[in-house]
Amino acid sequence: MSNISLIVGLGNPGSEYAQTRHNAGFWFVEQLADKYGITIKNDPKFHGISGRGNIEGHDVRLLLPMTYMNRSGQSVVPFSKFYQIAPEAILIAHDELDMNPGVIRLKTGGGHGGHNGLRDIVPHIGPNFHRLRIGIGHPGSKERVSGHVLGKAPSSEQSLMDGAIDHALSKVKLLVQGQVPQAMNQINAYKPA
């Protein structure tokens, strides 16, 4: 099993989107950077914000595409190709409509599952990367999805998402060590307090 050496957070750039549910992937990577003291800075060559640092003795790159969600591939694809990072060594953190707030799942492979950020990445690097799916809940009807993902969660939901993200952050050491099955078991077993 490959060591994870690129961790990507999906979201939308700009302060107006910073606290919206669609930015759950950004939240994860920003908190990871804080936890390990990794500076992330503007990286115009790859249309994003990136950083490189040491996580538990492993060299890891972080990337936040600044392309807007639907064009995430314009950042992730050239970045991973330039640094020669195989899909199996990539973790992409993103919001997940089909899971409730407080639920978090690590998954390897699969399609885009209707997620527009993944939809722009999968055709170019294939499906074999790892996904950290952060539950944001579904509004109930398809017509309300856009407003839901681009809306701010009430504090009760936000605290559930924060707890799930904190739990996943504590398992990153397993991912960078290549212990993906163990990380998957521990992340997927999480239950909100």
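Backbone N, Cα and C define each Cβ position, glycine as well.
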Swiss-Prot has Tyr17, Tyr68, Asn70 down as binding tRNA; which of Asn42, Asn54, Asn100, Asn116 does it also list for that site?
-> Asn116
Fewest neighbouring Cβ atoms within 10 Å: which of the recorded positions Asn12, Asn70, Asn116?
-> Asn70
Spatial neighbours of Asn12 (site 'Discriminates between blocked and unblocked aminoacyl-tRNA') among the recorded positions His22, Tyr68, Asn116, using Cα within 10 Å, are His22, Tyr68
Rounded to the nearest Å, what's the C-alpha distance separating Asp95 (site 'Stabilizes the basic form of H active site to accept a proton') and Asn116 (tRNA binding site)? Just drop the number here, would you?
-> 11
Cα of Asn70 (tRNA binding site) to Cα of His22 (active site, proton acceptor): how many Å, rounded?
-> 11
According to DSSP, does Asn12 (site 'Discriminates between blocked and unblocked aminoacyl-tRNA') fall in a helix, a strand, or coil?
-> coil
